[in-house]
């Protein structure tokens, strides 16, 4: 099945659609979302990170947020987040209304293979203490709960371990969680 992305302008207004790979080849601004699930433990918050599969056409073998993708045409980002949690890691217990939508940011980054990310990226979070998962090997090679300390340590020591968008997503999530606690 050919996948399409929703092209947007700098204000976030939809202006068309394009095949996903072509949009990444041309570096055109399009809608995306990043889901980051977290849980509270006795030692603090932990975040569920995925390691992107070796077969992904960009950012392969990089640690990133729980899941990320692009909403389909006329698909709400929270519904898309729920859909991709199921498709990527087999999580079915998170409903669209459980997400807190932190809004969006725009970023652009050159990737390997001559591709470019240029996304209006919505950040969706949910506190999910008890989730089970089944990895889709075409999407994800590993999944782990990471403490704040472990993420910070790895981002300082080995920043290339993570996808280019993850540090921004993570910092925005931390800022939000610190403000509400």
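Note: Cβ is positioned from N, Cα and C throughout, glycine not excepted.
Remark: residue 119 (Mn(2+) binding site) has 29, 30, 31, 32, 106, 107, 108, 165 as non-local neighbours, by Cβ distance under 8 Å and separation of at least 6 in sequence. Taken from Swiss-Prot, the feature Mn(2+) binding site applies to 24, 30, 70, 117, 119, supported by sequence analysis.
The feature domain 'Nudix hydrolase' is assigned by Swiss-Prot to 28-168.
According to its DSSP assignment, residue 68 (Mg(2+) binding site) is in a strand. Residues or ranges marked as Mg(2+) binding site by Swiss-Prot: 68, 88.
The 10 Å shell around the Cβ of residue 68 (Mg(2+) binding site) contains 26 further Cβ atoms across the protein chains shown. Summarising the annotation, Swiss-Prot assigns active site to 68 (among others) and lists sequence analysis as the type of evidence.
Classification of residue 119 (Mn(2+) binding site) by DSSP places it within a strand. What Swiss-Prot lists as active site is 119 (among others), and the listing cites sequence analysis.
Confidence for the domain 'Nudix hydrolase' (28-168), expressed as mean pLDDT, is 93.
Separating the Cα atoms of residue 24 (Mn(2+) binding site) and residue 88 (Mg(2+) binding site) is a whole-number distance of 20 Å. Here the binding-site residues are 24, 30, 70, and the one with the most other Cβ atoms within 10 Å of its Cβ is 30. Scoring each of the binding-site residues (88, 117) by how many neighbouring Cβ atoms lie within 10 Å, the top position goes to 88.
Distance noted between the C-alpha atoms of residue 117 (Mn(2+) binding site) and residue 88 (Mg(2+) binding site) is 20 Å.
Sitting within 8 Å of the Cβ centre of 24, 30, 70, 117, 119, and not among those site residues for Mn(2+), are the Cβ atoms of 5, 20, 23, 28, 29, 31, 32, 118.
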